[in-house]
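> Handing you this structure, nothing more for now.
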Amino acid sequence: MPNVTVDGIPIAVPDGATVLQACELAGKEIPRFCYHERLSIAGNCRMCLVEVKPGPPKPQASCALPATEGQEIRTDTPMVKHAREGVMEFLLINHPLDCPICDQGGECDLQDQSIAYGRGHSRYDANKRAVTEKYMGPIVKTVMTRCIQCTRCIRFAEEVAGVEDIGALYRGEDMQITTYLEHAIQSELAGNVVDLCPVGALTSKPYAFEARPWELKKTLAIDVMDGVGSNIRLDSRGRQVLRVLPRINEDVNEEWAHDKTRHHVDGLVRRRLDKPFVRQGGKLVAASWDEAFAAIAKVARSAKGSVAAIAGDQVDCETMFAAKSLVKALGSDMLEGRQTGLAYDVSNLGAVNFNSTIAGVEDADAILLIGSNLRWEAPLINTRVRKAIKRGARVFGIGPEVDLTYAVEWFGNDASLIAKLPKAATDAFKDAKRPMVIVGGGALKLDGVQGAAMGLIKTLKLVSEGWNGFNVVHTSASRMGGLMLGFAQTGGIADIVAAKPRLAFFLGADEVDYSGFEGSFKVYIGHHGDAGAHAADVVLPGASYAEKHGTWVNTEGRVQYSDKAVFAPGDAREDWSILRALADACGVDVGFDSFDGLRAAMITAVPALGREGLAGYDFSAPKLDAKAQMKLGGEIAYPIADFYLTNAICRASPTMQRCSSEILHGDEMLEAAE
Amino acid sequence: MADAPQIPDEAETRARWGAFAWTPDNAKEAQRHIDKYPAGRQASAVMPLLDLAQRQVGAETDTQGWLPIPVIEYVAAQLDMPKMRVIEVVSFYTMYNMAPVGKFHIQVCGTTPCMLRGSDDVLAACYAKGMKKGATTPDGLFTLTEVECLGACANAPMVQINDDNYEDLTEASMASILDDLAAGRQPVIGSQIGRRTSEQVGGPSTLKDMKKENHDYRGEWA
Ligand code: SF4
Ligand code: FES
Ligand code: FES
């Protein structure tokens, strides 16, 4: 712990801290462009100059200077002031004065810092350098004349995204940032460079010229594009969410968000269900709420308890609880959330949870991936694995080989390998202090995989004092909440199909195989006209996650709350109120009359949902049918076929469709063109 | 930015150079460079390999050589490097050519010492032969580039032509060098006024005793 003084304030800083960090600890603001606490240090913008004694009598770049015992740091001397003004003036020699037409305006580091630390006028009247725009794909728009060569984007691509697509060509004044031959960035994390770029060189292409930051209403929300539960901020104006930005949460998403999180928003205003529909003569016909309710109530009365509810991937706990209450009031407990037919054992929630926690992945020293394309199923857990590898972890994989942006020792695609791990793995795990297994939710589809994976708890010593390395990664934002609320049948959705319910509610469930429900009266409550609405007999327009308050539980069992940013379009209503009104129409009582009442009832039923943070399940491996394990074997298939089109919102989003065709199917497109 | 090299059309270069592979001799040479570095650090060999590749392209096209995209990717693949990292190296150093050049690549130093000693005259000699900066003459013989200091300032003005330096130039001597090259003759390499390396013009004037032996001057210091 070196002791230093900053502007006369004595302060002890952690070992390995830089002078810049010491100044921050002392509460001094240090302007910077290239330094970013999550990236390596480049030291090339020189904006962070301070005066340090002992040392040469000139300003020093504080971001790249280690803090050492007895340093006297000054950030308030004339030398520092002049130095900052000088650097600012240099940076502005070639920076265009196009703030009025720049999307970064209002949230631009260069703007802010030139106001705070610049001279206020320019002494240069020579021509400015101009740089041609570079194509970087459907997400990132470039105006390269604005670039100040801080190299944050390059370092992000290399270090965090693991895709070395961005680089700097030429040198000196001619230096230009570009992607390789101006191809689209081949990363699902590309949008983050937009946030990182301190100027307006990299801006968001789908959001180009949409709004100024100060016109936007900011709502704190939770991302529902995958099971990670990234903390996000919805920026909306009027009735439309215009963009999504990540919020910092060190335990979940750090400060990143993937492109699906950021850019699905244009799907929120397309293909929306905005009025009820009732099927008449084989066709869905627009109806009033009363007509729709009457149609359902008629079936409900004759169903005599033969009622089921199936939840999709983007359903909040409140909606699921309301549906559960309704189904219960109608005399049934057929609930299921694993819409694609998974039927793993859920008698112990800890056994299907991401137990090490997401942040805990960084501490692992040996990781075995079982049937998980982590890069697509949970991109922000994948970045944690990259961090673990930097700290020396080794990663092994069972499943189809995919590019996860890091080196994986693949054993092959045969589930039976789980029970007889190759020697390379057992050796590596023997010495591991923090061994970890990550089971992809999709892999649990195969008979015996769950049991075999749980067998590894013992053989690989995954659980020890203060460490639980048994992890299941779910791709659905509603999965853990659904399991906590009992949305699981022993045999999965197949049990419900076999029970042939007279009346079935589908809560935003678009991935269900509807052919099994031909005899049921299908009520779809959701927000997008996707597969579920097409199959339904009655469609009730609900609210998307952005249009309601909700409780979400991520794949590590973390309970988080999301707020309502905008109103649902047209006649659509919040799902809980639909279910509440439906209860009246059916003449049953669900026990709540308001959203607060619903939430209170839900928390009484499942107290963990009332506490923000990890739900903290007990962990014990359930006893599984040994017969299933006998059948262990066969090829594992990943659940996600197209990263950008995994749910109804994305499928409605032009940006996501463009990403899919250009980034994932770009090669095919080129071939077709030739 | 206007004189940044224009990377030639990708499809065309891919068609022409897509099948690039080392000649047997160069394959050996490339391996020799790679072997200089410990396993896993083979990326360190990127510069000699690029140079080798440029020379091989040069030999094939009877020019100084350049680095088409497929050739850059070939080197990247061999060294297991991201393509972006290799093209960064290529674009950083002026001695790698990103576009085709002529048989002789005339790199005229225009930095201050050379400029004060007459690099404008040297350029004039080039212009007189029909050269233009950043372009190749129609006969494919000469490509002219103005470069920054090449580290031979003591012998200013100077040019580098392919692998050789020609120093202490005047407009006339530059013209005759170009004539020789065009006629297929090898001009004198190095100083054009007969001085040895960067010795003083007119021969050494101090430390003359050093010529015979490792003379100890210390006794003569006053
Ligand atoms: S594009 Fe932006 S992030 Fe990248 S180097 Fe330029 S200023 Fe920095
Ligand atoms: S922040 Fe220190 S040099 Fe850029
Ligand atoms: S200035 Fe021309 S070689 Fe140095």
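Don't overthink the numbers, they just go from 1 along the chain as shown.
Just so you know, glycine gets a Cβ as well, placed from its N, Cα and C.
Curation does not apply to TrEMBL; its annotations are automatic.
Sharing the features that TrEMBL gives for it:
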BINDING   B:C109, B:C114, B:C149, B:C153  [2Fe-2S] cluster binding site
REGION    B:193-222  region 'Disordered'
COMPBIAS  B:208-222  compositional bias 'Basic and acidic residues'
> Can you name the residues of this chain that are 6 or more positions from B:C109 ([2Fe-2S] cluster binding site) yet have a C-beta less than 8 Å from its C-beta?
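B:C109 ([2Fe-2S] cluster binding site) has long-range Cβ partners B:S119, B:E146, B:V147, B:E148, B:C149, B:L150, B:A152, B:A156, B:P157, B:M158, B:V159, B:Q160.
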> Could you give me the DSSP helix, strand and coil counts for the region 'Disordered' (B:193-222)?
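DSSP composition of the region 'Disordered' (B:193-222): 7 helix, 0 strand, 23 coil.
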> Excluding B:C109, B:C114, B:C149, B:C153 themselves, which residues in that chain have a Cβ inside 8 Å of the centre of the Cβ atoms defining the [2Fe-2S] cluster site?
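Other same-chain residues near the [2Fe-2S] cluster site: B:G110, B:T111, B:T112, B:P113, B:M115, B:S119, B:E148, B:L150, B:G151, B:A152, B:A156, B:P157, B:M158.
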> Would you say which of the binding-site residues B:C149, B:C153 has the most Cβ atoms within 10 Å of its own Cβ?
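Top count of Cβ atoms within 10 Å goes to B:C153.
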> Going by DSSP, is B:C149 ([2Fe-2S] cluster binding site) part of a helix, a strand, or coil?
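Looking at the DSSP assignment, B:C149 ([2Fe-2S] cluster binding site) belongs to neither helix nor strand, so coil.
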> Only counting partners 6 or more residues apart, tell me which same-chain residues put their Cβ under 8 Å from the Cβ of B:C114 ([2Fe-2S] cluster binding site).
B:V108, B:V122, B:C149, B:C153, B:A156, B:P157, B:M158
> With H, G and I counted as helix, E and B as strand and the rest as coil, say where DSSP puts B:C109 ([2Fe-2S] cluster binding site).
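Reduced to three states, the DSSP call for B:C109 ([2Fe-2S] cluster binding site) is strand.
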